[in-house]
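Feature annotations, courtesy of Swiss-Prot:
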type     : residues                                               : note
MOTIF    : 2-30                                                   : motif 'Q motif'
DOMAIN   : 33-203                                                 : domain 'Helicase ATP-binding'
BINDING  : Ala46, Gln47, Thr48, Gly49, Thr50, Gly51, Lys52, Thr53 : ATP binding site
MOTIF    : 150-153                                                : motif 'DEAD box'
DOMAIN   : 214-375                                                : domain 'Helicase C-terminal'
REGION   : 440-509                                                : region 'Disordered'
COMPBIAS : 440-459                                                : compositional bias 'Basic residues'
COMPBIAS : 467-482                                                : compositional bias 'Basic residues'
COMPBIAS : 483-492                                                : compositional bias 'Basic and acidic residues'
Amino acid sequence: MQNFKELGISDKTVQTLEAMGFKEPTPIQKDSIPYALEGDDILGQAQTGTGKTGAFGIPLIEKVVGQQGVQSLILAPTRELAMQVAEQLREFSKGQKVQVVTVFGGMPIERQIKALKRGPQIVVGTPGRVIDHLNRRTLKTQGIHTLILDEADEMMNMGFIDDMRFIMDKIPAEQRQTMLFSATMPKAIQELVQQFMKAPKIIKTMNNEMSDPQIDEYYTIVKELEKFDTFTNFLDVHQPELAIVFGRTKRRVDELTSALLSKGYKAEGLHGDITQAKRLEVLKKFKNDQIDILVATDVAARGLDISGVSHVYNFDIPQDTESYTHRIGRTGRAGKEGIAVTFVNPIEMDYIRQIEDVNNRRMKALRPPHRKEVLKAREDDIKDRVQNWMSRENEPRLQRISSELLKEYDSTELVASLLQELVEANDEVEVQLTFEKPLARKNRSSKGGSRRSNHKRGNGKFDNKNRRSKGSKGQSSKKKNQKKFDRRDKQQKSGNQSLKGRTFADHQK
């Protein structure tokens with residue numbers, strides 16, 4: 001295995017990397033760094049967590065040391081990723097007087113303008129704010145020789161493809177080295193490569209380097225109304241160190257977060273309506289172990305680079321393979337093992353098969369935990385917590401109450417009663433989650449008869465106030481209730497599912 005010095009990295013940077021604990025380059029760093037130092041364009045296919053920031057950042061430091069003015073522009077899909085990349089570049093360049101400035105929305109632009117006037121060598125930013133500075137001419141392009149697009153497919157998914165083209169067109173092609181990194185290569189990214197890159201060197205980390213050995217992928221078949229109970233049972237049994245839970249909508253994220261909090265779990269939610277200040281606060285809590293469950297939409301989770309995530313739960317199945325790849329890529333990083341569990345309604349199995357076919361690997365079926373397994377896991381957790389509590393000094397008033405109780409009750413029975421209350425404390429807490437329709441079957445028409453409202457209540461975890469009352473399966477029941485849905489049906493963009501027998505309404509749209 002080559003070391004960094006053999007790849008052409010200077011002694012000063014090598015010393016810094018070794019002080020950071022980086023003795024040897026990762027596969028993508030080993031393959032990319034020589035080409036980057038030569039000035040070749042690079043097309044890298046790799047997920048976050050494979051060392052790709054070092055793949056472009058380490059050679060970039062070598063190229064900008066001693067230079068004046070903006071030499072390099074790095075585009076990232078989100079503020080968080082931009083800040084993370086900038087921080088890593090500062091670490092790589094310690095003691096070498098390399099200035100790195102971040103520019104992104106949600107922060108005062110005047111402060112960024114002042115920072116740009118100081119002539120940093122490297123600018124890291126989100127596409128929208130970079131264009132703002134280009135239009136204001138506060139970001140000059142004449143000295144830029146290296147353009148890097150990090151997580152290009154994420155930027156495309158967020159609607160930045162035209163912004164990326166605009167920015168690439170602003171930097172003279174004859175002087176520009178372009179490095180583009182992406183976990184997936186959709187058609188729009190391929191077209192971008194053909195239009196703006198010059199015979200790029202293709203660096204691709206193989207699947208077995210990215211996710212296969214590190215992530216155990218499972219699916220569990222569960223009906224919508226039983227999903228939350230099944231999910232919390234998995235949480236109790238798995239006891240994840242850090243978990244990210246994906247919901248399909250903002251409403252789902254809000255309701256899931258509230259439901260988890262009411263059950264005693266330490267959770268916070270992230271979606272597009274969360275303010276930047278709140279978002280940073282939530283991420284800080286997650287990274288500092290103040291919360292251990294992060295509930296997020298796909299958009300809100302894009303660009304997150306959080307180490308130590310042990311579990312990813314797809315509470316709602318993703319609609320495409322690329323989203324699935326990005327979701328589960330949040331765990332199993334840096335050689336650590338991870339677990340990804342996808343909850344799937346029986347009629348959504350076509351989506352599981354599509355993901356398996358595209359990724360060329362099979363997920364394992366996972367049965368929901370039995371009640372005995374859940375209680376055993378809770379008991380073990382309570383036992384550990386009690387041991388921690390016993391190391392604390394108790395307040396005198398509690399000791400007095402304890403003495404009074406021990407006079408009245410047998411000590412073993414007293415402790416057993418308290419433990420039982422702790423183990424089952426949250427079982428009776430009712431939560432409310434809006435019913436979400438399963439995804440339509442792929443390549444076939446979806447009929448309403450496949451979603452009749454004969455699902456069981458799910459231990460009282462869902463609010464069924466809007467559930468249709470039971471009726472016969474005959475035509476008279478359909479006619480009786482059809483008017484109730486006509487108005488909503490007309491609002492649907494495409495042909496709706498027919499209402500046969502006992503079905504659910506489109507609740508709380």
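Yeah, the Cβs are placed from backbone N, Cα and C, and that goes for glycine too.
Features recorded in Swiss-Prot, as mapped to the structure shown.
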{"residue": "Ala46", "record": "ATP binding site", "Cβ neighbours (10 Å)": "24"}
{"residue": "Thr50", "record": "ATP binding site", "Cβ neighbours (10 Å)": "24"}
{"residue": "Gly51", "record": "ATP binding site", "Cβ neighbours (10 Å)": "21"}
{"residue": "Lys52", "record": "ATP binding site", "Cβ neighbours (10 Å)": "26"}
{"residue": "Thr53", "record": "ATP binding site", "Cβ neighbours (10 Å)": "24"}
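Under the three-state DSSP scheme, Gly51 (ATP binding site) falls in the coil class. According to DSSP, the secondary structure content of the motif 'DEAD box' (150-153) in residues is 2 helix, 0 strand, 2 coil. The average per-residue pLDDT of the prediction over the motif 'Q motif' (2-30) is 91, rounded to a whole number.
For the motif 'Q motif' (2-30), DSSP puts the residue distribution at 13 helix, 0 strand, 16 coil. According to its DSSP assignment, Ala46 (ATP binding site) is coil.
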